[in-house]
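Participant: Structure in C-alpha cells, see below.
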Amino acid sequence: MDPMALVTQYNLLQNGPPEESKLATYMKRQNNASPQSSLYSALSKNYSNLDINQSPVSMKKASIPTVDFVPRNLVSSLNNPDGSSMYAKDKSQPIQAYQKNVNGTTYFYPPDTNGSNQPNGNIFDDPSGYLPMPSVESPTSSLYAQDDLRRDLLHRNALSMASPDSDRWPDLPETIEDYHDVYPLDIYGHSSKILTYSTSTYRATYSKTGEKCCLKRIHGFRLTITKYAPLIEAWKKINHANIVQLKDVFITKAFNDTSLMFIFNYHPDSESLQTRHFNSNETMNGYNDPFSSDPNAPRPYSHTKNAILRHQHSNGLLSENTLWNYAIQLSSALRVIHGSGLALRGLCLNRVLVTGHVNNRARLRINCVAITDILLNDMASSNMIGHFQQEDLTDFGKLLLALACRSLIAVHQDNLATSIDLMARSYSSDIRNIIRYLLSTQRRHITELMPMIGARFYTQLDAAQNHSDNLENELSKEMENGRLFRLLVKLGSINERPEFNLDPAWSETGDRYMLKLFRDYLFHQVTEEGRPWLDMSHIVQTLNKLDSGSSDTICLYSRDEKTILVVSYQELKHCLEQSYCEIASVAASDDHIKAE
C-alpha cells in the first residue's frame, strides 16, 4: 500500500476528517450523533484489517449501519420493490451496500438492481449523486444554444427540406396550383380514410411566400364547395396555439382526378396522440371494436376489466400533470371553436397532433378542422351546431378517459363505469370529476371546465412562460453569436488576403498589419511553455470590446517580437471598418481590375 495513503489514514484517525471532506459534511448533519471516539474506533477496526498488498483503490462488500453520514441518496434508493423502505421493517437491520475507498475517502453506493456484486458502471459517472464530484460547467455552455434544442431544430429543418424520390413516387405532380416541392407525408405512401373518402397528406412550399404547408388531399371529390365559402372563411379566421390553422381550400386536377385540397400550417416532427401513447395493434378506426371477430381482441363484458388493466400495465400510466396539460390545451382550443359558432365534429386521438418530446412541454394541436363539415355535405343549422358542440364535449371526455386508462376499449359505452372506477385508483378525484362531467347526459358548456381546472391552469401557464423565457434566452445567445460572427467574417476577409488592387502586400501594411497582429492576439496566444492557450472567454470579451469600440488599450506583438504596438479597440474598429469598406466597394463595382 502507498506509504502516503497510510499517513493520510493515520492523520484521519488522530485529528478527525478534514473540514472540506464529504465525511465531515455528513457528520455535521447528525442531530443525535454518536461520540467521535466511537466513529474513530470503528474506523480503526476497519483499518486494522487492511492488507499490505491491498491496492489503494479497494472494493469490498460492507454492512453499513444506519448512521447519518451515509449519503441520503443511498438511503432513499435502497427500498424494497414494493416501494417500502428497508428501515420500515427493522431499523436495526444493516443494509447490504458497497463502499469504495479512494485516497482515504470512502464512498457508499447501492448494489446493482440485478443483485450482482459489482457497481453500476463507473461510479464517477453516476448521476445519482453518491459521489461528491463537483459538476464542472463548460465555459462555453452559456454561449451556444442547448444541445437538445439545437438537435430538435435541426431535425425539424431536415424534415422540412426533404426531397421526394422520383422512382418511388413517379406520379407525384411537380406543382399543385400555387404549391411546389410536393413531398408525400403518408407512411410508405399509403393513404388513409376519412368517412368514405381516401385521403393523402403532402408537404409543399407556397410559391408566393415560401412558407411550408401541409396539404390534405381528398380523393375523387365530385361536389362543389361554393356553398361552403362562409364556413371555410370562418375556419380560416381561427388562429389558435392549439389548432392547426386552415389556410385555404380548393379543388385541383393535378392528380388526374378531381381532388379536394385542404391547406394547413405545417408542423414538422409531429405525431398523433394515438401514435405516441397507444400500441398500433390495439386500434381500429380510432378505437377498438369490442365485437370484433378477432379471437385476440378483448371481449367487452367478461374480460373488460382485465383487458384495461393489461393495457395499463403494458403502456404505463401517464402522470397526472401530463393529463392536466392535455386537458387544458384541448379545452382552450374547444373554447375558441365553440365561441366562434363552430363545432369540431369528431374529436379523437388521431386528430390531435403532439409536438415535443417532453410531456410537460408537449404542444397539442387539433388537426383536420372543417373537413368533416364539407364531406358530410350538410349545412348544419344553428340548432344542430349546439348538438354537435355537445358531441365534442363527449368526445373530449372519452379522449381523456382513454389516456387515463391507456386503453382504447375503455371508452365504449358498456365499459365507462369500469373504466372510471379503474382510473380513480391512480388519479385524483378532480380528474374523475371532470371526465364524469364531460360524459354526463346533462347539457354542458366548455366554459364550465375552468372552475374544475382551478389553479392547475396557473401551473401550466407558469410552465409555458418559463419555456418561453428559456427559448428567448437561447435566441439571445444566437443573436450575440451572429454579431460576433460578422466581426470574424470581416477579419477573415482582410487578413492574409493574397492580393488586392494589384498590391501583393496590401494585407501586410498599414491598418491591415495592425489587424493581423490583432488576429494573433485573439487566436494565437501561447503559454510560457509554448503550449497553445485556448480561452473562449478571452475571445468573446475581446470581440465585444472591438464591436463596441472600447477605449481600452492592448499591446500587440509581432511573431518575432520586433514590433510592439499599443492601440485601443476604438482604433482597431476604425481600421477594420475602413479596410472592409475598401474590399466591399471593389466587390460591388462593375469595373474589372485591369490586368498587368
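Along the chain as shown, the residues are counted starting at 1.
The backbone N, Cα and C atoms fix where each Cβ goes, glycine too.
The following feature annotations were taken from TrEMBL:
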BINDING   Lys216  ATP binding site
DOMAIN    446-582  domain 'Pan3 C-terminal knob'
COILED    455-493  coiled coil
REGION    494-596  region 'Knob domain'
Participant: Mind giving me a neighbour count for Lys216 (ATP binding site)? Other Cβ atoms within 10 Å of its Cβ, every protein chain shown.
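Facilitator: A 10 Å sphere around the Cβ of Lys216 (ATP binding site) contains 22 other Cβ atoms.
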Participant: Do you know the DSSP helix, strand and coil residue counts for the domain 'Pan3 C-terminal knob' (446-582)?
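Facilitator: Summed by class, the stretch gives 91 helix, 14 strand, 32 coil.
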Participant: Average the per-residue pLDDT over the domain 'Pan3 C-terminal knob' (446-582) and send me the rounded value.
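Facilitator: A mean pLDDT of 88 is what the predicted model shows over the domain 'Pan3 C-terminal knob' (446-582).
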